[in-house]
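To keep things clear, I will list the structure first and then write my remarks on it.
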Number of protein chains: 2
Amino acid sequence: MENQKRTEISEVGEFGLIDRLSQQFTNRHASTLKGIGDDAAVIDLGDGTVQVVTTDLLIEGVHFDLSYCPLQHLGFKAIAVNVSDVAAMNAIPQQVTVSIALSNRFSVEAVEALYEGIRMAAEHYAVDVIGGDTTASRSGLVISVTAMGVAKKEEISYRSGAQLNDIVCVTGDLGGALIGLQILEREKQVYLADPNMKPDLEKYAYVTGRQLRPQARMDIIHELKEMGVVPTSMLDVSDGLASELFHICKQSACGVTIYEDKLPIDKQTFDTAVELGLDPITCVLNGGEDYELLFTIQQKDFKTLEKHPDIHFIGHISPASEGKSLVTKSGTVVNLKAQGWKHF
Amino acid sequence: MENQKRTEISEVGEFGLIDRLSQQFTNRHASTLKGIGDDAAVIDLGDGTVQVVTTDLLIEGVHFDLSYCPLQHLGFKAIAVNVSDVAAMNAIPQQVTVSIALSNRFSVEAVEALYEGIRMAAEHYAVDVIGGDTTASRSGLVISVTAMGVAKKEEISYRSGAQLNDIVCVTGDLGGALIGLQILEREKQVYLADPNMKPDLEKYAYVTGRQLRPQARMDIIHELKEMGVVPTSMLDVSDGLASELFHICKQSACGVTIYEDKLPIDKQTFDTAVELGLDPITCVLNGGEDYELLFTIQQKDFKTLEKHPDIHFIGHISPASEGKSLVTKSGTVVNLKAQGWKHF
């Protein structure tokens, strides 16, 4: 298979590889409204209703470490991150399929703990687990989830809908999941060096919880629907705020300006970042896995959302020619860089 | 995670584990017509139309061996086996999502070969590749495909619909994929012992092709629709004929009688089985991965299908009290046993 040219995946990068692969595909069915390239695909069901479909693969040693991630939390997270992608389309999740591959180092009780988390998430997000595949693995645990949801056609928020002067909003706070991961990794090393050391994680409960028990912001989706606000564009912050802003700018052919002093960061995230010698703002901009919603709204909708305690207005959409900028607390304008998540 | 009781997965078996896990789930949405327990789940789209959803996980070293399975064939197969599950519901496939996890031992060119097979299958079966996930793996290649199809609600063939005296039909021929796998494994061992030995597989082209390039029988589904025949029950032969008959009997609460002299076997499959010292009928009954369709029809539909060159009438549905029987060529009636596929 490798007797000709060999290009390393690291040369083209994860997004480069996906771009290269997805260019091959064209859609045949009129019902396929949106294929590759958003948080979820969109299928026309007729009658003004659409279905969104999204899928995620979670691999042991890449996406999770069972030495500090309890199986029940992992099961919950596997569902939550897919529900988050459905939310990011402004749709309501309804069904999921769950496939797992596992080796015989897992007991039936361990698998049941994983499924207890899946069941709890299914209940929490009101989704039906309608199928899946259970198989053996030669090494680590693999979890593949596909989630399906529904929405009215005109309510779908694509990445490509941001317009000039739209306001950029983000929910909750950012950077916590990254900081939580750093703490869990640090404590793991301490434990490996001396198994008698008992990690004291209580002080870091918020940030480790952000990493181990992320929540899909379906609460925000329901509230937006109640308030009659349809985001002009939306995605969930899985790869880091800067990276997600780049997706919006690329697909909406626009620029963006965000303000450092508007970026939401939790006190524990901030303090722990400083303790770890990390720049808190870099963590907010480039930390992944927070699963908060990043979206843009029309100016007219600002008044409706203004008082919402968990929605933050961090900037605005600018012309593409003005690029992507961060205005620092001191008023300096710097170019925004997307580092994102690198698995390869 | 294992400080209490530890039950090995091998103690309960793959189907036992799935039973145990799936009991936890109840469906909330009226649109979920069928959840876990058939070839695919069924979602009501309203207007008399339903969507079927199925998913499969393919793991290197468990489901495929890259030392003899070219990546392009693997890509095609990953789509075909999911399309086969859609076919087994008597539905027409429309969309698929494809997720892959791969380590850096794969080059970009290798991944492109895999996707070329996926693209060819998508074209062949007229499905749109609408999304997926691409990520790193610590070890082997993982492919997860979810396929979606549509059908009229009354045309769906569940495993549970077989009725007394229905005729049991199977398409194509059986056992070939298993025999092909045996040959590929044998030649691999020969090659590992002496890398200068070049395997001569030409003689085994049909059986190795059955293993490496399985086809979903969409041709049969389209023909059945044209002829106005709706199978009372249907599934695809992925785990072996006997195992699939057990599924029909369990879910339709019936028995079955099949006849050895009616079982379809290709001459090369037969001859190679004998060469390998295997009983050809055992291969037909328990060989997996043929991806032919097994279905039951009402007596009244027999005349319509009678002359079809690729549909074989192998038996009939009997009362549950009569169990599952095989009538041998000599007229002896023996109990049918399901060995199925064991991954664990």
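Backbone N, Cα and C atoms are what each Cβ position is placed from, and that goes for glycine too.
The shown structure was predicted, so the numbers you read here are calculated from the model rather than taken from an experiment.
Listed by TrEMBL as binding Mg(2+) 3 are A:ASP39, A:ASP236; the candidate from A:ASP85, A:ASP173, A:ASP290, A:ASP301 that the record includes in that site is A:ASP85. Here the CA atom of A:ASP39 (Mg(2+) 4 binding site) lies 12 Å from the CA atom of A:ASP239 (Mg(2+) 5 binding site). Residues from the set of binding-site residues A:ASP39, A:THR54, A:THR55, A:ASP56, A:ASP133, A:ASP239 situated with their C-beta under 8 Å of a chain B C-beta: A:THR54, A:THR55, A:ASP56, A:ASP133.
Those residues of the chain, other than A:ASP39, A:THR54, A:ASP85, with a C-beta within 8 angstroms of the mean position of the Mg(2+) 4 site C-beta atoms are A:ASP38, A:ALA40, A:VAL52, A:ASP56, A:ASN82, A:SER84, A:VAL86, A:ALA88, A:MET89, A:ALA147, A:ASP236. Cα separation, A:ASP85 (Mg(2+) 4 binding site) to A:THR55 (Mg(2+) 1 binding site), rounded: 9 Å. A Cα-Cα distance of 10 Å separates A:ASP56 (Mg(2+) 1 binding site) from A:ASP39 (Mg(2+) 4 binding site). The predicted model assigns the domain 'PurM-like N-terminal' (A:37-151) a mean pLDDT of 95. Using a 10 Å radius centred on the Cβ of A:ASP133 (Mg(2+) 1 binding site) and all shown protein chains, the other Cβ atoms total 21. The distance from the Cα of A:ASP133 (Mg(2+) 1 binding site) to the Cα of A:THR54 (Mg(2+) 4 binding site) comes to 17 Å.
Around the Cβ of A:ASP56 (Mg(2+) 1 binding site), the number of neighbouring Cβ atoms within 10 Å comes to 22.
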